[in-house]
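Report on the structure given below.
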């Protein structure tokens, strides 16, 4: 156990008094059956910001309950800095970093598209030995797979957000549940250039409705909504990114249909 870590029962010093200067007081659970993850992250964050941590551990559930009653709090960990109680890990992040749980961000989309691009490049160089137009096709299809999987991760949250703006889902709710399966399945088939007669029309159908829905909600109705493109409960704003997702799917589907028809004729 580090020198600055103590069992809660061994420490009587008031946390507000002990939390002075660059010393922070942290109360967290270290029970036989549970080592609090948020408490561990809180300690790491404090140390990364230059604080010495007076780390006070709860070894029994009764200690946790007594602490909550005494301090009038509902959760642990709890942190004190400069004589004042900050709160739990999320409150600590907001105080010590630029973290804002309500702020909109494009980070999830950027990371997803970066992985899709890297995968497309790896497939092109590995199988074709060069970067070709197929690379762009793989980028779009892999993006569809990843976006679909994100949506399927929490389909109830997705459908709630989706129903805020999708034109077809508002008329027929089951479409909100079917959409991510169509997107993922079409992406898989397009990646392998399989069953074009099924994958391309399906992708074109959902993408056309999606593009029209986003355009109406954002650019005609001027609504400020969260995007369901990376799944439910995201803080990605609805707008250009979601419209681009749908336009890419439309473009990919049209190209595949044209190529398939040209082979037949």
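Going from the start of the chain as shown, residues are counted 1 onward.
Glycine residues also receive a Cβ, built from the backbone N, Cα and C atoms like all the rest.
Annotation comment: TrEMBL describes 134-258 as domain 'Methylamine utilisation protein MauE'. Under the heading transmembrane segment, TrEMBL lists 109-128, 202-220, 240-261.
Long-range contacts of the transmembrane segment (202-220) within the same chain: residues 144, 164-168, 179, 182-183, 185-187, 190, 238-239, 242-243, 245-250, 252-254, 257, each at least 6 residues beyond the stretch ends and with a Cβ under 8 Å from a Cβ of the stretch. Residues of the same chain lying 6 or more positions beyond the ends of the transmembrane segment (109-128) and with a Cβ under 8 Å from any Cβ of it are 134-136, 138-139, 142-143, 146-147, 150, 229-230, 236, 241. Confidence across the domain 'Methylamine utilisation protein MauE' (134-258), taken as the mean pLDDT and rounded to a whole number, stands at 93.
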